[in-house]
Amino acid sequence: MMKKPIQVFLAGDSTVSDCPPHEAPMAGWGQVFGQLFSEGVLVRNHAKGGASTNSFVEEGRLQAIAEHITQGDYLLIQFGHNDQKPRGTKPYSTFQQFLTLFADTAREKGAHPVFVTSVQRRRFDENGRIEHTLGEYPDAMKALAKELDVPVIDLLAKTKVLYEAYGPEESKRLFVWFQPNEHPNYPDGIEDNTHFSEKGAMEVAKLVAEGIEELGLPLKDHLVSREGKEHV
């Protein structure tokens with residue numbers, strides 16, 4: 001009998017989601033995440049552009065995950081960008097309440113919830129440092145993770161280091177930045193400091209994989225390097 005594949009469900013916003021071909025090379029990190037795993041792992045990307053914790057639940061997206069997630073699967077949960085907006089949530093009340101619902105949904109099915117703090121936006125100060133634009137949401141998530149004993153990957157901190165390593169100019173390559181007529185999908189040009197290019201999406205996906213390893217989650221044994229060799 002074939003062993004059941006491990007499913008890794010992703011709940012999040014546009015920085016995680018699969019982007020349509022007409023937006024290429026825009027990509028969420030979830031779009032390329034499956035490339036980092038061996039064959040026994042299936043990534044199920046339920047992330048959606050514009051999603052906040054509350055809209056994701058209200059649109060039935062968490063319910064759709066609940067119907068398919070099973071014992072031993074994983075649910076990675078990254079929200080914050082849209083929870084900041086007026087139609088979103090408050091960090092230490094409704095945001096945490098909805099995150100708790102995500103964690104409980106996974107655990108009720110015998111699956112493992114993992115919180116992931118939001119990716120930073122590409123906003124540099126005059127000293128070449130990334131400015132924090134996510135308010136209290138990442139800290140609220142980390143506080144709740146401690147309370148619920150849910151592992152957390154601090155992608156906020158990891159992306160800050162990544163962007164600063166590239167610097168203000170080179171980091172544009174991680175995002176959807178084009179001059180007019182440089183790319184057929186963006187004839188008028190675009191300067192997007194939130195959404196990733198395919199290169200950026202893969203860099204960020206690798207940071208999530210790094211977080212899985214650092215936490216010592218059993219899922220780490222199924223990670224492969226980009227060259228296709230098992231991680232040592």
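Sequential numbering from 1, following the chain as shown.
Using the three backbone atoms N, Cα and C, a Cβ is placed for every residue, glycine included.
Listed in Swiss-Prot for this protein:
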type: ACT_SITE; residues: Ser14; note: active site, nucleophile
type: ACT_SITE; residues: Glu191; note: active site
type: ACT_SITE; residues: His195; note: active site
Worksheet item: How big is the gap, in Å, between the Cα of His195 (active site) and that of Ser14 (active site, nucleophile), rounded to a whole number?
Response: 7
Worksheet item: Helix, strand or coil at the residue listed as 'active site, nucleophile', per DSSP?
Response: coil
Practice prompt. Can you grab the distance from Glu191 (active site) over to the residue listed as 'active site, nucleophile'? Cα atoms, rounded to a whole Å.
Written response: 16
Worksheet, complete the sentence: Here the 10 Å Cβ neighbour count for Ser14 (active site, nucleophile) comes out at 21
Worksheet, complete the sentence: If you rank the active-site residues Glu191, His195 by how many other Cβ atoms lie within 10 Å of their Cβ, the lowest count goes to Glu191
